[in-house]
Amino acid sequence: MALEPIDYTTHSREIDAEYLKIVRGSDPDTTWLIISPNAKKEYEPESTGSSFHDFLQLFDETKVQYGLARVSPPGSDVEKIIIIGWCPDSAPLKTRASFAANFAAVANNLFKGYHVQVTARDEDDLDENELLMKISNAAGARYSIQTSSKQQGKASTPPVKKSFTPSKSPAPVSKKEPVKTPSPAPAAKISSRVNDNNDDDDWNEPELKERDFDQAPLKPNQSSYKPIGKIDLQKVIAEEKAKEDPRLVQKPTAAGSKIDPSSDIANLKNESKLKRDSEFNSFLGTTKPPSMTESSLKNDDDKVIKGFRNEKSPAQLWAERKAKQNSGNAETKAEAPKPEVPEDEPEGEPDVKDLKSKFEGLAASEKEEEEMENKFAPPPKKSEPTIISPKPFSKPQEPVKAEEAEQPKTDYKKIGNPLPGMHIEADNEEEPEENDDDWDDDEDEAAQPPLPSRNVASGAPVQKEEPEQEEIAPSLPSRNSIPAPKQEEAPEQAPEEEIEEEAEEAAPQLPSRSSAAPPPPPRRATPEKKPKENPWATAEYDYDAAEDNELTFVENDKIINIEFVDDDWWLGELEKDGSKGLFPSNYVSLGN
């Protein structure tokens, strides 16, 4: 048989209102409630009242009903809640079959918070005394509020022994009377002090008062969780700004003065400016260029692959090494002092355009560029080669050691042809006569080396007093090795030319870009055709030029007119397009 659930949700608001009156005790006239089904089988409040006896008499014999009452058990002032489920035998069968499930639903969902649950099927189960006893037992320990009656003890009289009288009268015996014990005096009554103060229990606690939940309902406990809503960015920014930046906090110095951040910024600017000035001075030759030590050579074994850590081109490194190598020979030369050139002025006037292009990566300011342009003269025209003006004297003086110590090494000028692509620097003011030759074409043709593409300034009309001031201009050096001596550069020259080269070897070499500028090259002369074939080579690998004066070629390209300017770097001309420049010797193989 299917269960038939009851409908108590339709009138749940009315039932809940009466239930709260009973539980809270807000209405003294309502202490019990009975709900019954109507014609639509919907449970609703049927009757209410205040007498527990009337509550037990109003259950109907033909309906399944549920009742709730608030009762004060005897001997206690604590009220308890009792719920009664009435299921008589005369009720419909289907309703009685579903009584247990429906009673549990009513007790758990509708009448919550009861103390005693009773199931009644006839009038015997609704006995008032039995129900009150159940409620009293459910209340737990009971503390009587009635004063216990004092038991009055009756004064016990000692038993009196009867005297024994024999038949024969003996001599009279005296009767001993019992010794009366003195009764103790009653204790004096302690006079009770009448204290009007209600706090006589020494607990100093306020008297408990019954709380009216309608007037002062219980407040729900507030959770400690605070939900995070929309973030106030302005508040967060203000808090962050209020914090002190630890980077700006300066520790007190020994003198107790605070460090100003603006002074630190100014110091950094000054340091960067001094660094740029030192780089300019090293380029102009006012400071001594750093020398290549053995440790640096060991650390930088392959500069072609690793790059130039000192940010200098191969030509500069080679020129520095040559200048250092020939510095001993240059000290023995005697040269008259130059009154027209003061010592504090720079020795050379390098090309301003090349200066700008060289230091473009250093982001030089416009002010510094203007100072450099004002300081140096404009460069000479490239269309016409500059001719070195002769010095005011014709014969060198005797070498003086004191003057040699005062004369800077950069006063010695080089004479020769620079390689293609190298920077040409003009020095017309400080290049008084080091050679007495006029750089005419006849002298160039007479001093031509056996290699066709190389123009060497010969000293045919040069005086015998100054053979050491001429030298063939060197080419770009290798990046990781020291070039071979000058005698190995032209092994095919005639014996007369070798003697002349040895005489010219004592002259100072071509300076680096950081020292005084070299003189401009002489006018190129048309090379004479030699019957002997010039060296040529075939490219074994592809090579891309890293600088303007280098040669770019691919595999199997033919390079002609090779000049062996160094062990690792050669100068040659590409056959297919006629371009000329330096190339690494390990990228090609010689054909003759």
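Cβ atoms are placed via backbone N, Cα and C, with glycine included.
Owing to the predicted nature of the structure, the values given are computational and were not obtained by experimental measurement.
Sequence annotations record features per position, and here Swiss-Prot assigns N-acetylalanine to Ala2. Per Swiss-Prot, compositional bias 'Polar residues' is recorded for 144-155, 280-296. Summarising the annotation, Swiss-Prot assigns region 'Disordered' to 144-541. Sequence annotations record features per position, and here Swiss-Prot assigns compositional bias 'Basic and acidic residues' to 237-248, 270-279, 297-312, 332-341, 350-359, 398-414. Among the features that Swiss-Prot reports, compositional bias 'Acidic residues' is placed at 427-446, 490-505. For 436-445, the entry in Swiss-Prot reads repeat '2'. The compositional bias 'Low complexity' annotation in Swiss-Prot covers 506-516. According to Swiss-Prot, the domain 'SH3' annotation covers 532-592. Look at Swiss-Prot and you will find 566-575 tagged as repeat '3'.
Of all Cβ atoms in the shown protein chains, 7 besides its own fall within 10 Å of the Cβ of Ala2 (N-acetylalanine). The average per-residue pLDDT of the prediction over the repeat '3' (566-575) is 90, rounded to a whole number.
Following the DSSP three-state reduction, the secondary structure of the residue listed as 'N-acetylalanine' is coil.
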